[in-house]
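Reading through the structure tokens given below for one structure.
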Amino acid sequence: MWGFIIFTITVYIHTDPSVTVFRKFLQIRTDHPNPDYEGSTTFLLEKAKEYGIEAEVYRGTGSPIVIMKIEGQDPTLPCVCLNSHVDVVPAVVDCWKVDPFSAFKDEKGDIYSRGTQDMKCVAIQFLEVARLIKQRAEKPKRNLILTFVPDEEIGGTGKGMELFVEHERFRQLNIGLCIDEGLASPNDTFTVFYGERAPWWVHVTAVGNVGHGSRFIEGTAVEKLMRTVNKMLQFRDDQFNILHKGHSECGKKLGDVTTLNLTVLKAGLPENGGNAYNYNVIPAQAEAGFDIRIPPTVNLQEFLEQIKAWTAEEGLSFTFANYTDRNEMTHLNQDNKWWSCFQDSCKQIGITIVPEIFPAATDSRFIRNKGIPAFGFSPINNTPILLHDHNEFLNEKTFIKGIDIYMNIIPNLLNL
Ligand code: MET
Ligand SMILES: [Zn+2]
Ligand SMILES: [Zn+2]
């Protein structure tokens, strides 16, 4: 008898249909540099059909965007949009303990795969929320829209949300509020993001004098580049100290300071295009690339002037591989009815939410820059932050509980 009950419970946990959908979605290779968007689109359309949800594929940006809709009682009201990106960053297979695209589940229920946290979990949780709302006898007041977009992870050259927000099809959706990804929280609380840091990818190029490696050549490209790099890394140190060595009562978080990391470094004359270098030739050119993330409280025009000052020396120039001159926040004041409703809904189910600035970037920035409020919220707590990391995982129970959390928030927003 007991054996039967335990067996039944075990089978139930192991075969929860939403977990199966999640694991199948993880197995679709939407990793860069060649994401299988046709595979993810086919999968999402099949699910929409199975769940009885209206769906279309918009190809106006150059890559497929899946749009799903559940019509509300008053479709003229601004809708609630649940947005997910379907692409994921690459995985270094040798650094993972399992195949990063197998969606392997261990005995604890931890599912390992690229995208378990960023953000295929949220995409499928949104889909399951839509299924549950569709099943209800009563329609919600507002339209529910789901968007599944490509190319969030690659910045400026992408064919996703950055372009989509400029299209008429986007405007027609009439979005009142967007919910997108947040971050896992390592403790019992949940984080909600109301703004994010502006991502600037700066590429500095130095040109200078050349000659024999045995001489004291002045004004070399590398020397000029190093001076700039050192100034910029000094700024990095200063920001690090503000974050880590300030008074503890300041309570600064990563999203409140500017980070700057040297992520690209290039110089040296390759020998006949091979792997070896000409060590005795001073190179004419040297390059450095930086990933800079700037909080919404920083004046972007002034920061641009700072970069110009850092690269003012003769022979230096810079370009942006990723740039924005706008970085709007969603204001969390009493006039923001969406925020009041979100907070009240969380209070009702007894979960603690901590509002923060998102330290990295998501598609929400394009939405906010259109004047539309957006919250970044992944219902994942007591889980290490492993996005873009090796062995990214999510426990199946956390995944299932997340659907429940969303179901206690999203219908309230739809009925506002
Ligand atoms: C700057 S494009 C955004 C790519 C990715 N989401 C990141 O924050 O790095
Ligand atoms: Zn993401
Ligand atoms: Zn990411």
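Note that Cβ sites are derived from N, Cα and C of the backbone, with glycine treated the same way.
If you look up TrEMBL, you'll see ASP87 marked as active site. Neighbours of ASP87 (active site), defined as other CB atoms within 10 A of its CB across all chains, total 24.
Neighbour count (other Cβ atoms within 10 Å of the Cβ, all protein chains): 25 for GLU152 (active site, proton acceptor). The active site, proton acceptor annotation in TrEMBL covers GLU152.
In the three-state DSSP scheme, GLU181 (Zn(2+) 1 binding site) is classed as coil. Less than 8 angstroms from the CB of GLU181 (Zn(2+) 1 binding site) sit SER84, HIS85, ASP118, MET119, VAL122, THR362, GLY376, PHE377, SER378, each of them six or more residues away in the same chain. The Zn(2+) 1 binding site annotation in TrEMBL covers HIS85, ASP118, GLU181.
The Zn(2+) 2 binding site annotation in TrEMBL covers ASP118, GLU153, HIS388. Following the DSSP three-state reduction, the secondary structure of GLU153 (Zn(2+) 2 binding site) is coil.
Counted with DSSP, the domain 'Peptidase M20 dimerisation' (195-315) comes out as 41 helix, 37 strand, 43 coil. Here TrEMBL flags 195-315 as domain 'Peptidase M20 dimerisation'.
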Starting from the Cβ of GLU153 (Zn(2+) 2 binding site), draw a 10 Å sphere and report how many other Cβ atoms land inside it.
20
How many neighbouring Cβ atoms, not counting its own, are there within 10 Å of the Cβ of HIS85 (Zn(2+) 1 binding site)?
26
Give the number of CB atoms, excluding that of HIS388 (Zn(2+) 2 binding site) itself, located within 10 Å of its CB.
15
Taking the Cβ of ASP118 (Zn(2+) 1 binding site) as the centre, count every other Cβ atom within 10 Å, in any protein chain shown.
26
Sorted by sequence, non-ASP118, GLU153, HIS388 residues with Cβ within 8 Å of centre, Zn(2+) 2:
VAL88, VAL89, GLY115, MET119, LEU387
According to DSSP, folded down to helix, strand and coil, what is ASP87 (active site)?
coil
